[in-house]
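Step one of this worksheet: look at the structure below.
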């Protein structure tokens, strides 16, 4: 189509150029043939000669000045007529030329149009095919893109839904946390008020304690001065006591000598008395059975030996016949003793004393004995533990204790660890602890790994007897930090 339009414009330009050349040729008088060349087209025009026109060399011209006015006018009219004829002839020739060109151009235009249409159709078909291919490719790409966009959109929608659910969950959690924070803030405010009140109370108490401390310091100062005076008096009393003890010792020797003399004289007079004195007792049960039913100190004899020992016999408790092997009541005797002292015994049988491990070991290995432990606290309460079978091993086995059959009110569990433990002292460590329990807890005892009991510990007076790990303790009655007021360990034959 564009080629046809271009050809039409080209031919119009050719005709216009031919017309312009024709006008130029008309201006040149004397030329009878005119030729127009435009591209591959060549046009030749033959025009008639102008016979009626005069040349400028006419004799009338040289005399034109001398002619009258009517002659000049007629000449002009004639010339105009000639020109009109010429113009009419030219017009006719141009019309013929135009008709000729139109007739010739129609055929050429038809051929050109047919060729152009064929060429253009092929081009258009090719272009259309390319466009269809491109359109199909673009459509396929658009379909892929659309699918990708759809998948991406779906994924984004799912993510958006997840984010929305997560956001809702977070909002709920935030609301819950906000509620918890508000509760905590309220509780914190309450606690702050309580702390402030406690601080005020604490300040008041500190002031009161400070005042009491000042008062106590004054009292301590006074007591220190009193103690110094008492120490001076004690030193004086000690000196006097030493003198009195010496005097008492001399008196005792004198009394013993007198008693010996009296016994000798009585023996000479009454032979039955000498026979009674030769009778010996193994334990207080034999003393009780012999008719002596009064509490007191009696002389006992080691089994299979003539060696004697002083012991206190309880002839009233539980039917009597009890041999006291340990007693604590006032802290007058120090129980932080050596192995040898615990072996042979120490103290005063009428007060605090330890009978001796060697005698108890030999005695309890002769026959079956029971052990009763009687306890008192500082509040006036009493309790006991009774073991149906008791004996001590020999010194070679560190006087190991053996107990069976516990009854009593001082705890359902034995405060003396079982099986039997070896005896330990400050110079004979036989316990199961690397800490040396006898040195740490004081006193000699059957320690395990320091164990739940120690009746030979440090004696503490009332109001100082709590929270004492090294006191006189029996764990399963009063706990580990309570130091008892009094204890008694006594034995008696099981068949008494």
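Cβ atoms are placed via backbone N, Cα and C, with glycine included.
Summarising the annotation, Swiss-Prot assigns signal peptide to 1-18.
The annotation N-linked glycosylation site is assigned in Swiss-Prot to 89 (among others) on the grounds of sequence analysis. According to DSSP, residue 89 (N-linked glycosylation site) sits within a helical segment.
The secondary structure of residue 119 (N-linked glycosylation site), as reduced to three states from DSSP, is helical. According to Swiss-Prot, the feature N-linked glycosylation site maps to 119 (among others).
Applying an 8 A CB threshold to same-chain residues 6 or more apart, the list for residue 133 (N-linked glycosylation site) is empty. Feature annotation from Swiss-Prot assigns N-linked glycosylation site to 133 (among others).
Residues annotated as N-linked glycosylation site in Swiss-Prot, with sequence analysis given as evidence: 151 (among others). Sequence-distant contacts of residue 151 (N-linked glycosylation site), defined by Cβ-Cβ distance under 8 angstroms and a gap of at least six in the same chain, do not exist.
Feature annotation from Swiss-Prot assigns coiled coil to 166-248.
The N-linked glycosylation site annotation in Swiss-Prot covers 240 (among others).
The domain 'Fibrinogen C-terminal' annotation in Swiss-Prot covers 275-495.
The Cβ of residue 313 (disulfide bond) lies under 8 Å from the Cβ of 284, 287, 288, 292, 295, 296, 297, 298, 321, 322, 323, 324, each of which sits 6+ residues away along the same chain. Annotation comment: Swiss-Prot describes 284-313 (among others) as disulfide bond.
What Swiss-Prot lists as N-linked glycosylation site is 304 (among others), and the listing cites sequence analysis. Taking the Cβ of residue 304 (N-linked glycosylation site) as reference, residues of its chain lying under 8 Å away and at least six apart in sequence are, in sequence order, 362.
The Ca(2+) binding site annotation in Swiss-Prot covers 429, 431, 433, 435. The Cβ of residue 431 (Ca(2+) binding site) lies under 8 Å from the Cβ of 421, 422, 424, 437, 438, 447, 448, 449, 450, 451, each on the same chain and at least six residues away in sequence. According to its DSSP assignment, residue 431 (Ca(2+) binding site) is coil.
As annotated by Swiss-Prot, disulfide bond applies to 433-435 (among others), with the evidence given as experimental evidence.
Over all protein chains present, the Cβ of residue 437 (disulfide bond) has 23 other Cβ atoms lying within 10 Å. According to Swiss-Prot, the feature disulfide bond maps to 437-450 (among others), an assignment based on experimental evidence.
Cα of residue 119 (N-linked glycosylation site) to Cα of residue 433 (Ca(2+) binding site): a span of 121 Å. In this structure, the CA atom of residue 435 (Ca(2+) binding site) is 158 Å away from the CA atom of residue 89 (N-linked glycosylation site).
Listed in sequence order, the residues of the same chain lying 6 or more apart from residue 429 (Ca(2+) binding site) and placing their CB within less than 8 Å of its CB are 436, 437, 438, 439. Just so you know, the Cβ of residue 119 (N-linked glycosylation site) picks up 11 other Cβ atoms within 10 Å once every protein chain is counted. Residue 133 (N-linked glycosylation site) falls within a helix when secondary structure is assigned with DSSP. Excluding the listed site residues 429, 431, 433, 435, the same chain places 424, 432, 434, 436, 437, 438, 440, 447, 449, 450 with Cβ atoms within 8 Å of the centre of the Ca(2+) site Cβ atoms. In the three-state DSSP reading, residue 284 (disulfide bond) counts as helix. Taking the C-alpha positions, the distance from residue 433 (Ca(2+) binding site) to residue 89 (N-linked glycosylation site) comes to 158 Å.
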